[in-house]
Each structure stands twice: as C-alpha cells, then as structure tokens.
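These notes are about the structure you will find just below.
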Amino acid sequence: MDRAVNSGPVNTADTGCQRWRNWIGFWLLGLCNNFAYVVMLSAAHDILQKQESQNTTTPTPAPNGTSIEISNSSRYDCNAVSTAAVLLADILPTLLIKFTAPFYIHKVPYGFRVLVCFFTAVVSFLMVSFSSTILMSIFGVVFASISSGLGELSFLSLSVFFSRDVLSGWGSGTGAAGVAGASLYSAFTQAGLTPQVTLWIMLVVPVILAVSYFFLLVFPSSFPQWRRHEDGHSTSRVVNSQERRPLIEEEDDTETTQEEQEDKHIRPLSFTDKIYIMKGLLKFIIPLGVVYFAEYFINQGLLELLYFSDSHLSHAEQYRWYQTLYQIGVFASRTSLVCFKIRKIFLMSLLQCLNAVLLGFAVYYQFLPNPWVVFVTVLYEGLLGGAAYVNTFYFIREEVREPHSSDSLL
C-alpha cells in the first residue's frame, strides 16, 4: 500500500486528511499561479484600447456637428498595437525562465521562490491598473509572466514530494484559473466596473497563493523550505537523493532493492546529464510546443480580428467571451486526467493546427455568419490545449526514471 513520506507514522484517517489537504493545496496553487497570466490575456484588448484612447487627438467634427473617430485603413476593427504584444510580454519571460531554470533554480529555496511569485503578481496587477502608457502596461504584464513561469516550474518540481494525485489537482487548478480569471474579468467589467477597479479586486489572488503554500500544504520533515538543496548537515548527494526520489514508498518494505541502493548514491546532475534528460523529453516537448504555438496564434493573433458588427455584443465583449470559452475548455480537459489519459499528444497538436488554419481562413475570407461558430471552435481549441498540457506532464512523470522526475518537470 502506497503512502506519502510526508504523512509520517499516523493513522489512515490522518493520512487521508493530509492527502486531501495537499490535493486542495495544489489545486489552489494552480488556480492562483495562472490567474494573473489569464487575466492579462483576457484584458489585452482593454489594456491597449485604454492607452490608445488616451493618446489619440480630439475627434474630427463631421459636417452635421457630430464627432467621428479617425480609423485606420484596415478593413478590420482592431487596435493599432495588436493584442499579440500583450501575448509576447506574457510569454517571453516565462519561456526564458523555463529554458534556463534547470541550470540554476535548484540553488534557490522553495520558500523564496514562492515569495517572489507573490510579490511579482502583486506588482503586475498594480502596474497595469495604474498604467498611463502602453509601455508601463507591458511591463506590468511581464511581471505577471515572471510570477506564472517561476511558479509553474517550482510547483511542478515540488509535486514529487507528494503523492501522484496532487498532479491532477494542479492540472485542474490551472484549468480553473482560466475559467475564473476570464469569467470574473468579463463579469466585473460587464457589470460596470472599470478594468482598473477589477484588477484591484483581484489582488486577493496572490494572497491566497501564499496562504495555500505556507499554511495548507503538509510538507515532509526533510523538505528544504528555506535552504538550498545542497545545504544541511548531510552530504549534498544525500540531500539530492532525498529531493529527487518520489515520496511514495511501500509500507511493508523489509528489503533494500538494487534501485533503492542506487538512489542512495545518486549524485547531483551535471550539465551533460541535464542535456541528456532534455533530449529524452523532446517527444513530449515538441508536440506540446506545437499545440501552444497554434493556440497562441489563434487567441492573440486571430481572435481580435474575428469581429461581427451585427452582433449585440461589442468588439471588446466578443473578445472577452472568446477568451472565457477557451478557458472553460482548458479547465474541462485538464480536470479529465482523473477519468482518462491520452498518450498521443501529437494527435492533439495536429488538430490544434487545423483549428489555426480554419480560423485563419475565416479572418481572411470572412465567411463565418456569426460569433457563435467561433465560440464553439474556441471551446474545442481549449479542450485540446488543456488535454495536451496535463497529459504531457503526467506521462513525463510516469516514463522518466524516478530519480530525475523533479528535474524533468522543470
């Protein structure tokens, strides 16, 4: 019978309670970690529209006395600066962190990483809400990206200290972040609150993240909360062995297997070792990367251009609901891991590319009759993206050798 190391010598009821606390803790961490990232993408149209309206000159009077706005020469109703600018600010810092983190992040204690995530998330909401220029807004989005990127790689590597089911909690929480972030932003702004006030209200989310991590999770006694992984009274390789092994063990083990003996003598991974592990992960990384490229191309490159003027929804409202329905699809598929697994990630990447091609033609030829067709397509897009994400990390943990699972999940 499996039991988590952090459960200690307690009865079954206590073990079940701790496992539920950890599952809920990871669900909340996933929710709060991705919340600012989602809100910035949902608010992208409003952010740019606000700054451009502040920078425009007085409207030109028409002969009949009314005012008309000077529009661009494009046949599309869009901002002069594309919402893709917000996407780049939301993605590039995260990519930079994730590409470089495996070579230095083990030197930063987990507790310090979470504090950085907390403060950068708070700064992002405040900077965007008080911004007076597009550049200031973009820098606010960059802070949200730093918080999300650092948090994701930290919490995924943290999951190896707990039972395997926390990974489904994390996946479900990140999916819920999409629904909660996009839906709440749309609901608050449509109810009459300004984007600035809406972002102030959402400052409660980083607080929930910190409380979930420091007060809800039940950590093993040997967990290096405020020290580097090499620190402590034992040798560095013993600490690394304790960190990298999955914290699930057989309750009635009486014999030491060969694998356990090797685990005791595990050494810190060298640069060459990490490159070797990364090569083995390409079969997971490439399909997932294609899925994300296609959906970001859709969400920030195409959806702003899919505006239906005869709809009762304004352009900004249509854009917000595109983002909301996409996140609903992501949440549903990320939660599905508890029901079934999908190993063929490449199939989802192919289907996502077909979505991008379909909507690309729809933008150019404008043959779709109403926004409802786009709503259904975007919901389906979210289902593919969420399923690709959660199944990729599940099979990485299942297939990569256990001593290296923490490094692989970075």
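Glycine is no exception: its Cβ is also placed from the backbone N, Cα and C atoms.
If you check TrEMBL, you get these features:
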TRANSMEM  24-44  transmembrane segment
TRANSMEM  110-128  transmembrane segment
TRANSMEM  134-155  transmembrane segment
TRANSMEM  167-188  transmembrane segment
TRANSMEM  200-219  transmembrane segment
REGION    234-263  region 'Disordered'
COMPBIAS  249-261  compositional bias 'Acidic residues'
TRANSMEM  280-299  transmembrane segment
TRANSMEM  319-338  transmembrane segment
TRANSMEM  345-367  transmembrane segment
TRANSMEM  373-396  transmembrane segment
Per Cβ pairs under 8 Å, the stretch of 134-155, 280-299, 319-338 packing most closely against the transmembrane segment (24-44): 134-155
Leading contact stretch, 110-128, 200-219, 319-338, 345-367 vs the transmembrane segment (167-188) - CB distance under 8 Å: 319-338
Residues from the same chain, set at least six apart from the ends of the transmembrane segment (110-128), whose C-beta lies under 8 A from its own: 32-33, 35-36, 40, 43, 47, 136-137, 139-144, 146-147, 150-151, 154, 158, 199-200, 202-203, 205-207, 209-210, 213-214, 223-226
